[in-house]
Amino acid sequence: SQILLWKDCCSDCICLHITVSTALPTASVKIVNPQSLLYPGETVTLQCDISDYTDWTYRWFRDNHHLPSQTSKAIDITIPITQTGQAGQYRCEGLRTDRPQRSQPIVVVTISVTALPNSTLTVKPNPAFTGEKVTLKCSVTYDSSWNYQWYKDWNFNVVPQSVSHTITGDTLTISRAAESDQGQYWCEGNRVSRPTSSQPGDPVTLTVEGLPKATLTVEPNPVFPGETVTLTCSVESDSIWSYKWYKDRNDNVVSQSGRHTITGDTLTINGATVNEGPYWCQGERDSRPTSSSISDPVTITVNALPTALVKIVTPQGLLYPGETVTLRCDISDYTDWTYRWFRNNEEPPIQTRKTITISLPDQAGQYRCAGKRRDRPQKSCRSSALPIIITALPKTTLTVEPNPAFTGETVTLTCSVRSYSIWSYKWFKDRNDNVVSQSGYSDIGVSHISRADVSDQGQYWCEGNRVSRPTSSQPGDPVTLTVEDYQPKTTLTSDKENIFTGDRVTLSCTVESPGWKFYWYRHRPDSTPVTTTSGYSYTLSWVSVSDGGQYWCRAGRGDPVYYTLYSDPVQINITDQPQPVLSISSQWLNPGDSVTLSCEVDKTSIVWRFSWYRTVPYRAGLPSLSDKSYSLQPLSDNVTSEDSYTQIPAGPTPTGGYVCRAGRGDPVYDTFYSEPQFLWSGDLQPSASLTVNPNTTQHFTSKSLSLICELKGNSTGWRLKRHTETARRSECPSTWRSITESTCTITSLTTWHSGVFWCESGSGENSNAVNITVNDGDVILESPVHPVTEGDSVTLTCTFRHQGTNPKLKTDFYKDGTLIKNETTGEMTIPIVSKSDEGFYKCKSDEGESPESWVTVRVSPVVSPGSSTSVLVLVVVGLLVAGVLLVILLVLLVRYQNRKGETFEMYHLILLCLG
């Protein structure tokens with residue numbers, strides 16, 4: 001086209017002349033993929049090419065029908081699998097917004113579809129028999145290099161590779177055809193290059209026919225052991241077959257042998273004994289089918305032979321010598337038997353009847369029987385052995401009571417047969433024809449000898465007889481009766497000589513033969529018996545003093561009673577339950593000292609065992625004193641056979657009471673507990689201490705005294721305790737007590753207040769003990785309440801009731817009863833106390849004499865050289881020595897201070913000494 005511009009005569013305008021001569025763009029369709037022939041099922045890609053311009057929107061047409069869903073430049077068209085020949089004409093055109101707004105079609109494409117190649121299936125053989133091999137072969141009439149897929153009955157049932165189906169190339173092999181393999185088969189080829197598949201071939205129907213049936217028969221069945229069995233095999237087809245036999249399993253072929261004979265269609269089994277099988281058979285031949293089916297299995301049943309059983313017809317029960325026995329042979333099932341009998345496995349002659357009769361004891365033994373007959377079964381099994389056992393006749397038993405007997409006694413002879421009942425009895429003496437007596441029928445025969453005599457001595461036996469079996473017994477063993485020509489006497493003894501109240505005593509009465517009852521007498525032998533016992537002993541339990549006296553016994557037996565002579569009397573002396581006496585080797589001990597406890601019961605020879613205890617506050621569950629004021633806690637190694645006990649305390653000796661008790665026999669008889677004895681220590685204890693005010697051991701009557709329990713640590717519940725010579729320990733009376741529980745104040749002392757005082761806790765702990773002496777005279781000795789340590793100084797003061805009238809009297813001091821010093825001051829001082837100063841001290845003057853007081857000296861503790869205390873002592877001593885030297889040097893300095901020129905030198909001398 002051309003556009004022409006020119007200017008006219010008009011000076012202010014431009015004229016345009018447009019000529020249009022351009023054609024619309026052309027749209028052509030081309031096949032992009034695949035090239036060459038097209039096959040059913042393939043996808044074809046078409047492309048629309050438009051010359052010039054861009055921004056096209058595409059419209060597609062098939063056979064001039066618009067395809068609204070296709071708007072792309074390239075589209076995919078899938079050819080139906082069933083399509084062949086012309087598949088349609090395709091064209092396209094483009095649309096756009098700018099000019100030109102559309103194209104025109106110029107090239108139209110026609111889609112032509114070429115049919116897929118055909119596959120052909122062949123099956124051999126067809127029809128087939130079950131078990132045969134079938135080959136299916138597939139071929140495609142188009143080029144080569146195909147893979148094959150196999151189908152059966154419907155399109156989705158692909159035949160897979162399996163044990164019975166083998167696929168190799170173009171061949172499917174069925175190794176052993178079965179009825180389940182019947183059906184329509186077809187195949188299809190597949191490959192990589194186009195065409196990628198073939199058309200499925202026409203289906204071929206495979207027919208599988210069953211093999212001819214083999215039938216197995218057995219005669220006879222069931223069979224009896226030892227019989228011959230015939231098995232016959234036949235095939236329903238009319239041709240000639242040979243046969244194979246199987247037993248138990250398919251691969252176990254029965255071959256010709258001694259028991260198995262094979263002839264044509266027959267297998268013969270000789271001498272069957274037990275159930276056999278299963279058996280089955282199969283036919284074989286050269287033409288198709290080459291074999292028959294396997295027959296149904298048959299089991300040969302071997303029935304047991306009838307059993308024979310031997311029974312005793314008469315008599316029933318035990319068999320005895322001299323009797324006749326009838327035996328019968330019973331055979332289960334069948335009739336017409338002829339019988340065979342065996343004794344000890346030997347067949348006696350002419351015994352063919354069902355019952356036989358034998359005599360005892362000659363024909364006793366093991367019996368069996370069997371039967372035989374003409375029809376099947378022709379024999380029975382031999383029966384089990386029936387032993388014919390002879391039972392010995394029952395034996396009589398003779399008892400003679402009493403035996404030995406004494407003249408005048410009644411003797412009873414009793415005859416019995418242990419088995420069976422209702423016997424009549426005979427008694428014999430010394431010989432078989434000497435029948436002593438005879439009794440009627442009863443279970444037990446009894447004969448009496450009244451007032452036995454020496455002439456009744458001898459051998460006796462008895463024999464039984466009765467109506468029912470067994471009709472007689474064997475004579476029993478003879479019994480010798482002995483008759484003693486005197487009256488026996490009993491002997492009485494006691495198991496204890498010394499008997500205490502609460503104890504038990506056993507009296508024993510012995511006599512020389514058995515079977516006696518015992519009669520016990522007290523005070524007089526001709527009185528009514530105290531008691532009668534079946535045993536020879538009589539025990540008096542928990543005796544009292546009133547049970548004492550003289551005892552006798554005698555024995556009696558039989559009816560009427562025959563008595564022995566009385567025993568000699570035994571005197572039973574019963575005394576009160578003893579109470580042992582406990583003594584302590586030393587009641588006041590220093591720490592670490594041992595103490596020996598001695599427990600004395602009585603001076604008899606009785607063997608006692610001793611128990612040792614320490615007193616503690618009353619506790620439920622522990623043994624206690626009778627008044628329950630204290631409980632008793634066993635010491636270690638509580639029970640000893642010795643009457644002494646040594647205690648070695650690990651620490652300070654504990655203040656407290658000790659008790660002992662003795663026991664003897666089994667069951668144990670115990671004495672009373674002893675009165676408590678006390679062990680005291682004057683040393684202060686770690687748990688509590690007892691102090692007194694005034695601080696002295698001796699006090700005047702009518703004066704006051706305070707005793708204070710000073711508690712230490714966590715100890716609680718303390719109370720003041722006292723022990724005197726005339727009474728056991730007791731608490732401080734309420735009239736003595738001050739406001740505090742730990743203090744006891746006696747406002748007016750009397751001699752009754754003398755004793756040992758200590759403090760005791762609720763748990764049994766004890767303080768030191770203080771021995772207080774209250775004197776109603778005019779002189780007392782004031783001495784330390786607590787032990788004095790070695791090396792200390794101690795002062796003993798002699799004090800007078802009327803001190804004001806003559807304060808300083810001439811006084812003598814004594815130790816352990818010996819005068820040791822005379823003093824005019826009334827005091828005696830021991831400047832350095834040693835262990836030898838320990839002892840009893842007293843003083844004497846014109847006013848009178850004081851009681852004795854014990855002064856305890858505690859050994860001074862040994863200090864080890866390496867201890868901190870020894871170091872401190874050395875330091876102190878060193879400082880004292882240095883101080884003394886310093887004083888001496890200062891004195892020297894003062895004395896020589898006036899000497900010329902010597903002051904300076906002396907000063908340096910002092911420094912030198914100190915340095």
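The chain as shown is numbered from 1 upward.
Every residue gets a Cβ built from N, Cα and C, even glycine.
Predicted automatically and left uncurated, TrEMBL annotations should be read as such.
Per TrEMBL, domain 'Ig-like' is recorded for 25-92 (among others).
According to DSSP, the domain 'Ig-like' (117-207) comprises 3 helix, 48 strand, 40 coil. For 117-207 (among others), the entry in TrEMBL reads domain 'Ig-like'.
Positions annotated as domain 'Ig-like' by TrEMBL: 212-301 (among others).
According to DSSP, the secondary structure content of the domain 'Ig-like' (306-369) in residues is 0 helix, 33 strand, 31 coil. Sequence annotations record features per position, and here TrEMBL assigns domain 'Ig-like' to 306-369 (among others).
Sequence annotations record features per position, and here TrEMBL assigns domain 'Ig-like' to 394-482 (among others). Along the domain 'Ig-like' (394-482), the predicted structure has mean pLDDT 89.
According to TrEMBL, the feature domain 'Ig-like' maps to 488-555 (among others).
Residues annotated as domain 'Ig-like' in TrEMBL: 578-662 (among others).
TrEMBL lists 777-860 (among others) with the feature domain 'Ig-like'.
Feature annotation from TrEMBL assigns transmembrane segment to 871-894.
Per DSSP, the secondary structure of the domain 'Ig-like' (25-92) breaks down as 0 helix, 39 strand, 29 coil.
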